[in-house]
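Novice: Take this structure first; my questions come after.
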């Protein structure tokens, strides 16, 4: 079974214990709960403290960046994020700054100029904490890459998650030596998406779910490679033995692995999973990358 690391959003679901149990049983080793605002980051840290396998990020999503100015004191708001990040680091729970970046598909939530200003500001958060970055880029590759390049020495590494852009944009991201590309169901929707994913080097890739969003649907091009399935029911008929239809869960990261393997023509799915796991550890859990950790990963592959 693939031992995966999972990016989870809005994990404060009423049946969280069942969701987590299903994830652990599916072979997920760790879950990173994503913060998208100051308040969400506080919630993410609180959730992460409930289980040794849960971790979180602290940051402000591009569509929420108006909260800096709406707070009445942007610098005080930034300092609150910094204090929360430091608290989470001390507790061994905060592993990245984010989710931050640019989203020009949803400018009705936050204007581009505000997004750019506070995306750049959050590199200061990464620099002050020595944390990697969990990044969001949607329809904004030009400005995004310009800001990343300007701040390349302020962060140790990062991943641009939920990648759905072009081959040209993929190559722009790969030109940053400390940048990885994150793939989930939204990255695998169309045949064109699969072609772009096919040429992301395995050593520069991570996989995720982006739960509760971005599931792999029956209409997606990547569905033909999916082998692992779980029973699901509409939310009105939900029981704990089934997934809620249309709601993505951590356990489904296995399907992302299967689609990536299929579109790349990789037959050794366990080795692929181990490589992607190591990529994620390299950025978010570098203390696991000593010789003992590598030996542990090798032993897992042999036993699967």
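A Cβ is built for glycine as well, from the same backbone N, Cα and C atoms used for every other residue.
What TrEMBL says about a protein is an automatic prediction, not a curated fact.
Since we're looking at a predicted model, the values are computed, not measured.
Residues or ranges marked as divalent metal cation 1 binding site in TrEMBL: 12, 99, 210. The feature divalent metal cation 2 binding site is assigned by TrEMBL to 136, 161.
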Novice: What is the interatomic distance between the Cα atoms of residue 99 (divalent metal cation 1 binding site) and residue 136 (divalent metal cation 2 binding site), given in whole Å?
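Specialist: For residue 99 (divalent metal cation 1 binding site) versus residue 136 (divalent metal cation 2 binding site), the Cα atoms are 6 Å apart.
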Novice: Could you tally the C-beta atoms, other than its own, that fall within 10 angstroms of the C-beta of residue 99 (divalent metal cation 1 binding site)?
Specialist: 29
Novice: Going along the chain, which residues six or more apart from residue 136 (divalent metal cation 2 binding site) have their CB under 8 A from its CB?
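Specialist: Residue 136 (divalent metal cation 2 binding site) has long-range Cβ partners 61, 62, 98, 99, 100, 101, 102, 103, 160, 161, 162.
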